[in-house]
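*Asks:* Input: one structure, supplied below.
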């Protein structure tokens, strides 16, 4: 008979065709292609190459066909020679690491990004200005050369620092390498050998046992009770059985293939390697992350926006005054020098270093709070987050199944789900509990890994699946040494749990002093266990299982199931000694023992409980205007129960289904607007258009996506971003990588996360805790606030530095301040105070504000610019000019005499220039007085910048509400300002190249009234903002 050639089953492994898990009603999980997403991505990203197809038919082949295909022997394995040839041909069995940016490129990016460009332009303009001056005067001052060199040096030093910070985070990341197994047990040359897993090749025969990770894609040849955890690949949380049986066309669903890097939870398996390294399924998926581009961070956009503003203002003012200078009959070359001077005066030279240090300080603070920041700019992004799409397992929950409730003696008891299980309050004296605890202990294949004698019970590593681990630890805490109990009740026969039977059964020799007999114990799906029972134990005695007791059972079962908990039923049967003597041989294939008319003992339910810190964290998110969306592969009932327990769904919120149930009407009849919450399944999401998803995201504040695959996160993230939201996404699986890269900020789990997820993320949670994200949000908001304050502080003095050039050109005064003097303000006295603002504590309303809108709430907005430049900036300029005019008046030049004096003042051959009192001044004397004027203007700005620094501690609250001495680093900054000012004025007075002279002490106090005025003025501004929220004053004076 002609045999039809097996059809190759194509599995698309990308964010374009999704793998969606749906329940067909027969208990089997199905995966369906999400074509909508494919079309959207094709239209949107034009990335046909994003689709990668894996053609796999090995699961359909017989053992003989496999041997022929791979040239191997199932019993003897490959020869070492052949294995070496294949290794040379295919390369090592490891995933190619993501393409790394060369270190030199990373370094150069730090040199030319954001503020750096502005400083480089300033440096080149300085050199051009010197060139112009030198062309007409060979003895031209080298000030502009020095200024250009210093600006270049600032960029280089700051770039080195930023590069070092990011390299440090990268090095920490490289230490995470938990996903790939290191060793593999292989049969070669008829011998079992342990070799590095990287040396595996196709055709190798490998053996894997419970607790090991699968070292490659393998086709199962034989297995004993093997179950694997595929969650990092498919998002499937339930353990999946593995056998040599071909059960499904789809290789992702068939039982006879195990996938690279998934975990064997229990049992043993022997298999043939069919794919290695990048050719494995997980290798294909891991490569998808490179198909989704990194998005520019909000803070990078803000800095770019700020650079454009500063450059625009500088160039506009420069050109304006170039035109004025030319119209006032200045030489064109002189006018160009003025133009360059004005542009350079507008460049905030110290801000680049300040921003870099501020981001680094915050990153260090966050590392102490278990948030590892890979990209410094990601810190602020977290602060502007408006939607958090969070995993359930391990992030919102403790990532450990825990016994939550017990039902026996017709009562539901609440178990302690805290970290240590120490406070169990149910009745442990009941004889029914004694029987139930024995079943829980014996009908369990989980075991503690050896060598953990001193490790607390709840932290011990276990070989076994999550449910059995929960039962083992529960028994160990309450009953003591479980392994000792099992030794005393030796297991003589066992039927492992499987999806067909839906029960697990074991038979044990009893440690009965009155005579040996056998006890059969069973656990499994409650309805299946009840079917096998004719009696029920109540208060230690067996009673007939009648309709009344069955109804009580069903009520309890439905109540526990409705809580989203996984419920198991337990029963037992003492086998009669006369029918089953000590020498009896049990045969599990022949089933030569009874499996009906058993005694039902009780129910036990388990749940992965919420972390204790999460409800408070979710409440903080609500106050902060952040929408928290749960995205999980779990059952909708479980997801909804956890969402309610942590506050993602409020206690009084109802879904459409809840309303339908309450009113006893069909779901279609419910007005969707009456529902405040929504639980959307992956199956529903698969059939939704983008518009329908957008409608759900826009209309519901409380949303849970359940039964979704990790790939569907990409659709959800894109949907959120279409709402103009800044989206943070958590992920741990390989399949989460595209969503992590697409999100504004990707957050990987440090403990449970795969390497692919960590590589794609911007931030890694070292404790996998949702509360750490909220801490990060607060830190991110704080950094945005503090950057605003720093920029406002830095911009204020720009007007005071710019006005002297404008007055110099228009009014013709002797130059009030030189470019080198300005540099000492920007890179000397102001650097430490600017950095000190990074240490400022949060204002009281920081987590009660709505998230900032990325297109409207800018880092540098109109109120900030207007207030800094035209309010405080002009006050500073007036105060500094007051000191300048005071010095000149004291020396004999009254203000009216200085007007239009510039041309005569600067003539080298004029040595008899008369002041207001007729005294004659030589060129050298005038130059020394000019340097004294520089120093006076410098001191005037310095004194007022102290007041400016203090007022920048808050934007809304009074300084006295915030605490004047709460941030001690501010006072370090003020002290540094004064010390640097004193050193420049007195210690280096003889160094005329710096253009500073020794200043009389009284000149330091001339600007103090202006400094006090600045403080009082700002306190009044903040008072009116607090008194009249939403008013014109609030909108225009709150920056």
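A Cβ is built for glycine as well, from the same backbone N, Cα and C atoms used for every other residue.
Got these off Swiss-Prot a minute ago, pasting:
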- 1-102: topological domain 'Cytoplasmic' (TOPO_DOM)
- 103-123: transmembrane segment (TRANSMEM)
- 124-146: topological domain 'Lumenal' (TOPO_DOM)
- 147-167: transmembrane segment (TRANSMEM)
- 168-303: topological domain 'Cytoplasmic' (TOPO_DOM)
- 304-323: transmembrane segment (TRANSMEM)
- 324-335: topological domain 'Lumenal' (TOPO_DOM)
- 336-353: transmembrane segment (TRANSMEM)
- 354-787: topological domain 'Cytoplasmic' (TOPO_DOM)
- 391: active site, 4-aspartylphosphate intermediate (ACT_SITE)
- 732, 736: Mg(2+) binding site (BINDING)
- 788-807: transmembrane segment (TRANSMEM)
- 808-817: topological domain 'Lumenal' (TOPO_DOM)
- 818-838: transmembrane segment (TRANSMEM)
- 839-858: topological domain 'Cytoplasmic' (TOPO_DOM)
- 859-881: transmembrane segment (TRANSMEM)
- 882-933: topological domain 'Lumenal' (TOPO_DOM)
- 934-953: transmembrane segment (TRANSMEM)
- 954-967: topological domain 'Cytoplasmic' (TOPO_DOM)
- 958: phosphoserine (MOD_RES)
- 968-986: transmembrane segment (TRANSMEM)
- 987-1001: topological domain 'Lumenal' (TOPO_DOM)
- 1002-1022: transmembrane segment (TRANSMEM)
- 1023-1039: topological domain 'Cytoplasmic' (TOPO_DOM)
*Asks:* For residue 958 (phosphoserine), what residues in its own chain, 6 or more apart in sequence, show a Cβ-Cβ distance under 8 Å?
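*Replies:* Result: 1019, 1022, 1023, 1026.
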*Asks:* Using Cα coordinates, what distance in whole Å links residue 736 (Mg(2+) binding site) and residue 391 (active site, 4-aspartylphosphate intermediate)?
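*Replies:* If we compare the Cα positions of residue 736 (Mg(2+) binding site) and residue 391 (active site, 4-aspartylphosphate intermediate), the gap is 10 Å.
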*Asks:* So which of 103-123, 147-167, 788-807, 818-838 has the most C-beta pairs under 8 Å when paired with the transmembrane segment (304-323)?
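*Replies:* Stretch with maximum Cβ contacts: 103-123.
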*Asks:* Do you know which of the recorded positions 391, 732, 736 has the most other C-beta atoms within 10 angstroms of its C-beta?
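*Replies:* The residue with the most neighbouring Cβ atoms within 10 Å is 736.
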*Asks:* To the nearest whole angstrom, state the Cα distance for the pair residue 732 (Mg(2+) binding site) and residue 391 (active site, 4-aspartylphosphate intermediate).
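*Replies:* Here the two Cα atoms are 9 Å apart.
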*Asks:* Tell me if the transmembrane segment (818-838) touches the transmembrane segment (968-986). I count contact as 3 or more CB pairs below 8 A, with pairs 6 or more residues apart.
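*Replies:* Yes, these stretches are in contact.
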*Asks:* Residue list, the topological domain 'Cytoplasmic' (954-967) vs rest of chain: Cβ under 8 Å, 6 or more residues beyond ends.
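*Replies:* Same-chain contacts beyond the ends: 785, 788-789, 836, 839-841, 843-845, 1015, 1019, 1022-1023, 1025-1026, 1038-1039.
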*Asks:* Using a Cβ distance cut-off of under 8 Å, indicate which of 147-167, 788-807, 859-881, 934-953 has the most pairs with the transmembrane segment (818-838).
*Replies:* 934-953
*Asks:* Need the DSSP three-state call for residue 736 (Mg(2+) binding site) to compare against my parser.
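*Replies:* Its secondary structure by DSSP: helix.
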*Asks:* Grab the pLDDT values for the topological domain 'Lumenal' (808-817) and give me their mean, rounded.
*Replies:* 90
*Asks:* On the DSSP side of things, how many residues of the topological domain 'Lumenal' (324-335) fall into helix, strand and coil, could you say?
*Replies:* 8 helix, 0 strand, 4 coil
